[in-house]
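Visitor: Mind having a look at this structure? Questions to follow.
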Amino acid sequence: MGGWAIAVHGGAGVDPNLPQERQEQAKQLLTRCLNLGISALRSSLPAIDVVELVVRELETDPLFNSGRGSALTEKGTVEMEASIMDGPRRRCGAVSGLTTVKNPVSLARLVMDKSPHSYLAFSGAEEFARQQGVELVENEYFITEDNVGMLKLAKEANKIVFDYRIPALGLETCSAGAGMVESALQMNGLPISIYAPETVGCVVVDSQGRCAAATSTGGLMNKMSGRIGDSPLIGAGTYACDLCAVSCTGEGEAIIRGTLARDVAAVMEYKGLQLQDAVDYVIKKRLDEGKAGMIAVSSNGEVAYGFNTTGMFRGCATEDGFMEVGIWE
Amino acid sequence: MGWAIALHGGAGDIPLSLPPERRAPREAALRHCLQLGVAALKAKQPPLDVVELVVRELENSPCFNAGKGSVLTTQGTVEMEACIMDGNTKNCGAVSGLSTVVNAISLARLVMEKTPHIYLAFEGAEAFAREQGVETVDASHFITPENIERLKQAKEANRVQIDYTQPIQKDLQNETHIASGDSQIGTVGCVAVDDQGNLASATSTGGLVNKMVGRIGDTPVIGAGIYANRFCAVSATGKGESIIRATVARDVAALMEYKGLSLKEAAAYVIEECVPKGDAGLVAVSATGEVTMQFNTTGMFRACATEDGFSEIGIWPSV
């Protein structure tokens, strides 16, 4: 017990047919980010700084759905959101509707540290970004070819592609309840869902027992412009307090409705559950029909994760040398 | 068991010296909205419809910080937000950054019922409003002289004012000047339960005086300013940043569910232990028809009624 711990995720809901090389790429990125976090922890950087720097790395890499590589809105643009929370005094910062900010998680941090508010969005957030002098780029910077292709297919099928829905030979759909598909949408010969990009997140407890969490995303492919998901909502996609830190991914609407991140801490605090039991409880009981996953750390140096989707890109490590990167159960 | 309803017009530093000409219209508005809500419950309207219609009425009143009468951003504009939640399904709808929509709460309901999403904001929300054909007006409709004055005061003091922070004591004779602590406006909300235990909650606001453009508060954040499940329905008000951090509305329900506290005990715990003094208030009803209204601020504009005939309209602590 005690000591630092870290977990990262690149999203819940992975198609079992994901080509091996993409699985490898994902695992390498997760490993790299984990190592970045571990070095930082070994140099005694506080948890709040570690989660920010790890999520920045995930945003910068185009592989997952955040920063560069974000999912596209119905207009073909990128609207990013993120949140960060510091356990000790439950300070928090969140942003939504960003179109030019290279690292949304860092702007969320600035909202927390440098503004009188907790949450800024759209043009107000962009204006704040300019005032703060953060790195800004053109919206095109964030857009990748893969995502342009996916958006096109999603529009053709007139659907919103969730991160994780895998059409099982026409029995399930990729859509938000729009009905059945005759044949799975294909791109490069493979089902579209396998390319569906994923939210990212990081949770850390440092050697002082301080917990922090951060989550970042481009949201749902083909989402309505102006749609806000769970990632910037404190208590839904992100939460940290004295006991633990949590970052969630998956069906945004289900995560919001289930106030997932807060509930992990609430069952620890009010029911006395330990971290893994709390994660399992929330995944099992708070999602109803929804699909999601999460990573969590406790102030005791434990790390845990859980998901009811097919797979979740994740990595975790603790001070006593434990390290694991995985996708499947 | 039986139906119950509670509504609020905001918690904050409402001075005890509030002059009658500022007090009477607000009490009248609370009474009127309570009657509307009670009549609807007696007519067996679903709680989701009841909370929406009550909050629409509160939004239309210029007395409170929602819809017409919303406080102003640092640029002198109005950016409204609202949220509605259904206890049985935990379906919810939220909107932020509205500037022309007459009834933000109704747009929140449409997001819930007509889109695959929960939350739409700013231009995207305004575009959705136009698609849905909801009533929109010129942004100037929502702006009142009192709020222009409040903003001016806040800028002079170079602060972001929570709904009810007492302003600087300057010219006490000036009628329109909001001295003697006239910041008596705030977020609005309504919670209701019918005699079957169906619960719903709705909250709406213009936010903080002199807020940064784009600032989102607790109102549209599920679990912070609003929550409903099969245990209770909660609507909170006060300093948004504190309410978010403490996930106020969710915690009331969580304490009932995970620790077996009663509605009143849960609400008291959250208000007394989880948020700084002077920062929050809430109204809540439980599935069994109980009601509670609690605050750690100077006052909270509030009203409630239950099927067994109890009713209360108040501003300051009852005791």
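Every residue gets a Cβ built from N, Cα and C, even glycine.
Residues or ranges marked as active site, nucleophile by TrEMBL: A:Thr199. Taken from TrEMBL, the feature substrate binding site covers A:Arg227, A:Ile228, A:Gly229, A:Asp230, A:Thr249, A:Gly250, A:Glu251, A:Gly252.
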Visitor: Taking DSSP as the reference, which of helix, strand or coil describes A:Gly252 (substrate binding site)?
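Guide: For A:Gly252 (substrate binding site) - judged by DSSP and reduced to three states - the answer is helix.
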Visitor: Counting Cβ atoms within 10 Å of each candidate's own Cβ, which of the binding-site residues A:Asp230, A:Glu251 comes out highest?
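Guide: The largest 10 Å Cβ neighbour count belongs to A:Asp230.
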Visitor: List which of the binding-site residues A:Arg227, A:Ile228, A:Thr249, A:Gly250 have a Cβ under 8 Å from any Cβ of chain B, in sequence order, or say none.
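Guide: Only A:Arg227, A:Ile228 pass the 8 Å Cβ test.
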Visitor: Give me the count of other Cβ atoms within 10 A of the Cβ belonging to A:Thr249 (substrate binding site).
Guide: 34
Visitor: Taking just the CA atoms, what is the gap between A:Asp230 (substrate binding site) and A:Thr199 (active site, nucleophile) in Å?
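Guide: Counting only the Cα atoms, the answer is 10 Å.
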Visitor: How big is the Cα-to-Cα gap, in Å, between A:Gly252 (substrate binding site) and A:Thr199 (active site, nucleophile)?
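Guide: A:Gly252 (substrate binding site) and A:Thr199 (active site, nucleophile) have their Cα atoms 10 Å apart.
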Visitor: For the recorded positions A:Thr199, A:Arg227, A:Ile228, A:Gly229, A:Gly250, which Cβ has the most other Cβ atoms within 10 Å, all shown protein chains included?
Guide: A:Thr199
Visitor: Would you mind reading off the Cα separation of A:Thr249 (substrate binding site) from A:Thr199 (active site, nucleophile), to the nearest angstrom?
Guide: 6
Visitor: Could you check what DSSP calls the residue listed as 'active site, nucleophile' once collapsed to helix, strand or coil?
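Guide: Note: the residue listed as 'active site, nucleophile' is coil by DSSP, not helix or strand.
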Visitor: Enter the number of other CB atoms within 10 angstroms of the CB of A:Gly252 (substrate binding site).
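Guide: I count 30 other Cβ atoms within 10 Å of it.
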Visitor: Quick check for the class: what is the C-alpha distance, in angstrom and rounded, between A:Glu251 (substrate binding site) and the residue listed as 'active site, nucleophile'?
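Guide: About 10 Å separate the Cα atoms of these two residues.
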Visitor: Expressed to the nearest Å, what is the distance separating A:Arg227 (substrate binding site) and A:Thr199 (active site, nucleophile) at their Cα atoms?
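Guide: Their Cα atoms are separated by 15 Å.
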